[in-house]
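What follows is a single structure, and I will ask about it in a moment.
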């Protein structure tokens with residue numbers, strides 16, 4: 001559960017991401033594909049090369065979903081219900097992949113926002129991404 005301080009940290013950090021969100025989303029996906037090659041399975045129809053327009057497009061989708069989540073921190077299950085259905089029932093993404101992408105997102109944010117990525121912000125973002133992952137995997141049962 002996100003504390004009031006966590007919510008403040010997440011909102012402030014995401015505000016600093018600003019209009020770089022889509023680029024950071026794409027970079028996190030690239031990091032995930034390089035670091036965890038098994039994740040490429042779900043994107044076999046994509047060009048997974050550096051600066052791929054398909055990866056950039058999906059990075060934007062990831063960023064848009066996270067932006068929506070940041071705006072609905074108190075109602076994540078409702079806000080992300082459609083995405084949860086999509087990933088559980090249609091795409092059937094292995095839940096572990098959300099943790100892998102979350103890790104790559106944290107690395108990307110730390111690389112681009114080093115002065116703002118304090119231990120408390122890191123912890124808050126980690127809790128936030130874990131909460132998003134929990135919601136996205138909630139309909140797998």
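Positions of Cβ are set from backbone N, Cα and C atoms, glycine also.
Here the structure is a predicted model, which means the values were calculated and not measured.
In case it's useful when we look at the structure, here is the feature table from Swiss-Prot:
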BINDING   58  O2 binding site
BINDING   87  heme b binding site
DOMAIN    1-141  domain 'Globin'
MOD_RES   3  phosphoserine
MOD_RES   7  N6-succinyllysine
MOD_RES   11  N6-succinyllysine
MOD_RES   16  N6-acetyllysine
MOD_RES   35  phosphoserine
MOD_RES   40  N6-succinyllysine
MOD_RES   102  phosphoserine
MOD_RES   108  phosphothreonine
MOD_RES   124  phosphoserine
MOD_RES   131  phosphoserine
MOD_RES   134  phosphothreonine
MOD_RES   137  phosphothreonine
Based on DSSP, tally up the residues of the domain 'Globin' (1-141) by helix, strand and coil.
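Split by secondary structure, the domain 'Globin' (1-141) comes out as 110 helix, 0 strand, 31 coil.
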Suppose you look only at the domain 'Globin' (1-141); what would the mean pLDDT be?
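Averaged over the domain 'Globin' (1-141), per-residue pLDDT gives 94.
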To the nearest whole angstrom, what is the C-alpha distance linking residue 11 (N6-succinyllysine) and residue 40 (N6-succinyllysine)?
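Their Cα atoms are separated by 30 Å.
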With the residue listed as 'N6-acetyllysine' as the reference Cα, tell me which of the modified residues 7, 35, 40 is the closest one.
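The smallest Cα gap between the residue listed as 'N6-acetyllysine' and any of the modified residues is with 7.
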List the same-chain residues at least 6 positions away in sequence whose Cβ sits under 8 Å from the Cβ of residue 40 (N6-succinyllysine), in sequence order, or say none.
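For residue 40 (N6-succinyllysine), the qualifying residues are 33, 48.
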Quick one: pull the CA-CA distance for residue 35 (phosphoserine) versus residue 137 (phosphothreonine), whole Å only.
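Pair distance, Cα basis, whole Å: 22 Å.
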Rank the modified residues 3, 102, 108, 131 by the number of other Cβ atoms within 10 Å of each Cβ, and give the residue at the low end.
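Sparsest of the modified residues 3, 102, 108, 131 by Cβ contacts within 10 Å: 3.
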Which recorded positions from the set 3, 7, 58, 87, 124, 137 come within 10 angstroms of residue 102 (phosphoserine), judged by C-alpha positions?
none
Count the other Cβ atoms sitting within 10 Å of the Cβ of residue 137 (phosphothreonine), across every protein chain shown.
19
Using Cα coordinates, what distance in whole Å links residue 137 (phosphothreonine) and residue 3 (phosphoserine)?
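On Cα coordinates alone, these residues lie 22 Å apart.
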Using a Cβ-Cβ cut-off under 8 angstroms and a sequence gap of six or more, which residues of the chain neighbour residue 87 (heme b binding site)?
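Residue 87 (heme b binding site) has long-range Cβ partners 93, 136, 137.
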Can you tell me how far the Cα of residue 3 (phosphoserine) sits from the Cα of the residue listed as 'O2 binding site', in Å?
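Approximately 30 Å lies between the Cα of residue 3 (phosphoserine) and that of the residue listed as 'O2 binding site'.
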Tell me, which recorded positions from 7, 58, 108, 134 are within 10 Å of residue 124 (phosphoserine) if we use the C-alpha atoms?
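Those near residue 124 (phosphoserine) - Cα within 10 Å - are 7, in sequence order.
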